Amino acid sequence: MQTLYPWLLLYYQQIVTALLQGHGHHALLFKAEPDLGIEQLVQAVANFLICQHPNKHQPCGKCHSCHLQQAQNHPDIHILQPLENKDIGIDQVREINDKITLYANQQGNKVVLVKSADCLTEAAANALLKTLEEPTANTYFLLQLNDSNTLPATIYSRCQQWHIATPSVEDSINWLKNQINAEINDILTALRVNYNRPLATLNMLQQNLLEQRKIFLRYFWLFYTRRSPLEILPYFNKENIFQQLDWIISFLVDGLKIKLGVTINLTNTDLQNGVLQFSEKQTSLNLLKAYEIMQKVRLDLTEIKGVNQELILLEGLTRLITDVFEQN
Ligand SMILES: [Zn+2]
């Protein structure tokens, strides 16, 4: 049996059933929110496809092809992925196209895994499109795409799309309870902070980030009450910076919700008093402005490379003071 997260199982069954019945599609596009572990599903389908003697819905795990795959050395599994975290260029696609026009090394299927399909350059996407339009026999393309990213419409039209849904809160809780020994309230809070994504939630609980978040938001509180960026700036750290920004952003969003009288689906229920006190002192317009400032900081940090991160943070924090806190 291949190990699969429970929320991926049904998709695997459906895809493999179609393949077994002879009406599987040669190009599958997997779309999902980040952090759902869909690479596991994509790999499982690839493993099934290259196995020479699958046992119903599962690869046998024993044939030569399975052994090559287990050693991550299968000559008919090709991977297209961004080079040096940039893009997937046309030369990479051409190289793969050349390889798949040849006979399969193991006389079975050939599989091309396209990781981060949104990173294909325009030229690379066009080259791939040609191959998708005129597929060689026994060749399968498995494309992986983050939900918030897009692909050229022409590529979509050549693929069968699989949208992998985020599991329900109940299913996530059941799975998390089996993974970690944690208080149910902590599980619930961590799930909310992580948009109900189970893997990110598990990571948060394992790394004790829930506690770190509380401490970090306390620094945010000091920054707010003392109007001094130095109360929080030193506590941002490179590895967690986006999470830390999300913590602040969700605090601001909760403040705005309370201000507008929306008290359901708050994220920071464990810090409700703080959020309440904070929102009482702000106008809804200022809370909205604070939210926009922090979103812009987040965006700038993802897009602008090579600039001092601290400078972007400092500018955003200063704007919070001058444009929001001191406007009340
Ligand atoms: Zn096998």
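Here the Cβ of each residue, glycine as well, is placed from N, Cα and C on the backbone.
TrEMBL: automatically predicted annotations, no manual curation.
Mean pLDDT for the domain 'DNA polymerase III delta subunit C-terminal' (208-320) in this predicted model: 92. Residues or ranges marked as domain 'DNA polymerase III delta subunit C-terminal' in TrEMBL: 208-320.
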Checklist entry - Using DSSP, how many residues in the domain 'DNA polymerase III delta subunit C-terminal' (208-320) fall into helix, strand and coil? => result 90 helix, 0 strand, 23 coil
